[in-house]
Amino acid sequence: MEHFDASLSTYFKALLGPRDTRVKGWFLLDNYIPTFICSVIYLLIVWLGPKYMRNKQPFSCRGILVVYNLGLTLLSLYMFCELVTGVWEGKYNFFCQGTRTAGESDMKIIRVLWWYYFSKLIEFMDTFFFILRKNNHQITVLHVYHHASMLNIWWFVMNWVPCGHSYFGATLNSFIHVLMYSYYGLSSVPSMRPYLWWKKYITQGQLLQFVLTIIQTSCGVIWPCTFPLGWLYFQIGYMISLIALFTNFYIQTYNKKGASRRKDHLKDHQNGSMAAVNGHTNSFSPLENNVKPRKLRKD
């Protein structure tokens, strides 16, 4: 295993250049194998979990879901606030920011982004709860792709570009996750569900963050600095893939629901019209419709 890890490190160095020494020795960052193994285990559970649960009763998980979602809400809020203050203190340039230009503020950003990387491992539990509750319809290609890819991408980010221009997408995503996990936490309480109206807008917010991230990343391409261009091109490509998948999800989830509701409304309207026609042709008593019969003349 050590030989394989050494070969892998040599390959990564040849492809991406030397690693950032500031994260040397940090938990899970020294070699890629633990992150890769966690991802493989995740995909195996996604595949085998629903099969295991097929003939079993779903678990409620209500109590642990409240705690889990509250924990991720607080962690996301912490990361968002720390990233905003770190960027402000380091006087980060919106258009392009290198990885070694802000001193201690860079280290603050690196520490927070390690938590962001680690949170992607914690978020595997999203899928496991879907499996335990037998909500298999929520385990979509988008869901699995997003969860599995983010952990791996951020291992590479933390080892090569752990600060600088990398902050923007993580900052926006942390803010969106404050809204998202607070929604999930509240929706775990049945009495709160009628008051939760903003799920649709969370998806819109996610799409907006991808667009804003592409714009901000493109600034680094147009007005380059010491931040490696290859990472910027990769991020733009990845954001485009997420926009495509999230847009498809949004159309499938909300536009089709709206079309279905309009169809049901039209059907009800047509049924109402037919009832009126049938009431006439089947000679219903006019008294049933609150219409007084006219007296017949006797001439």
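From the backbone N, Cα and C atoms, a Cβ is placed for every residue, glycine too.
On a predicted model such as this, the values are computed, not experimentally measured, just so you know.
Taken from Swiss-Prot, the feature N-acetylmethionine covers Met1. Within 10 Å of the Cβ of Met1 (N-acetylmethionine) there are 7 other Cβ atoms, across all protein chains. DSSP assigns Met1 (N-acetylmethionine) to coil, not to a helix or a strand.
Taken from Swiss-Prot, the feature transmembrane segment applies to 26-46 (among others).
Per Swiss-Prot, transmembrane segment is recorded for 64-84 (among others).
Long-range contacts of the transmembrane segment (112-132) within the same chain, counting only residues at least 6 positions beyond its ends with a Cβ under 8 Å from a Cβ of the stretch, are 23, 26-29, 38, 42, 45-46, 49-50, 53, 58-59, 61, 65, 68, 72, 75-76, 78-79, 82-83, 86, 138-139, 143-144, 147, 150-151, 154-155, 157-158, 162-163, 166-167, 170, 173-174. The transmembrane segment annotation in Swiss-Prot covers 112-132 (among others).
Swiss-Prot lists 139-158 (among others) with the feature transmembrane segment. Only residues 6 or more beyond the boundaries of the transmembrane segment (139-158), in the same chain, are considered here, and those with a CB under 8 A from a CB of the stretch are 16, 23, 26, 28-29, 32, 35-36, 38-39, 42-43, 46, 50, 110, 113-114, 116-117, 120-121, 123-124, 126-127, 130-131, 166, 231, 238, 241-242, 245-246, 248-249.
Within its own chain, the transmembrane segment (168-187) has Cβ neighbours under 8 Å at 65-66, 68-70, 72-73, 76-77, 79-80, 83-84, 87, 113, 116, 193, 195-196, 198-199, 202, 205-206, 209, 212-213, 216-217, 235, 239, counting only residues six or more beyond its boundaries. Per Swiss-Prot, transmembrane segment is recorded for 168-187 (among others).
Here Swiss-Prot flags 205-225 (among others) as transmembrane segment, drawing on sequence analysis. Long-range neighbours of the transmembrane segment (205-225) within the same chain, counting only residues 6 or more positions beyond its ends whose Cβ lies under 8 Å from a Cβ of the stretch, are 93-98, 165, 168-169, 172-173, 175-176, 179, 232-233, 235-236, 239-240, 242-243, 246-247, 250.
Same-chain residues lying 6+ beyond the ends of the transmembrane segment (226-246) with a Cβ under 8 Å from its Cβ atoms: 17, 96-101, 141-142, 145-146, 149, 153, 157, 160-161, 164-166, 169, 203, 206-207, 210-211, 213-214, 217-218, 220. Look at Swiss-Prot and you will find 226-246 (among others) tagged as transmembrane segment, backed by sequence analysis.
Annotation source Swiss-Prot lists region 'Disordered' at 274-299.
As annotated by Swiss-Prot, compositional bias 'Polar residues' applies to 279-288.
Residues or ranges marked as phosphoserine in Swiss-Prot: Ser285.
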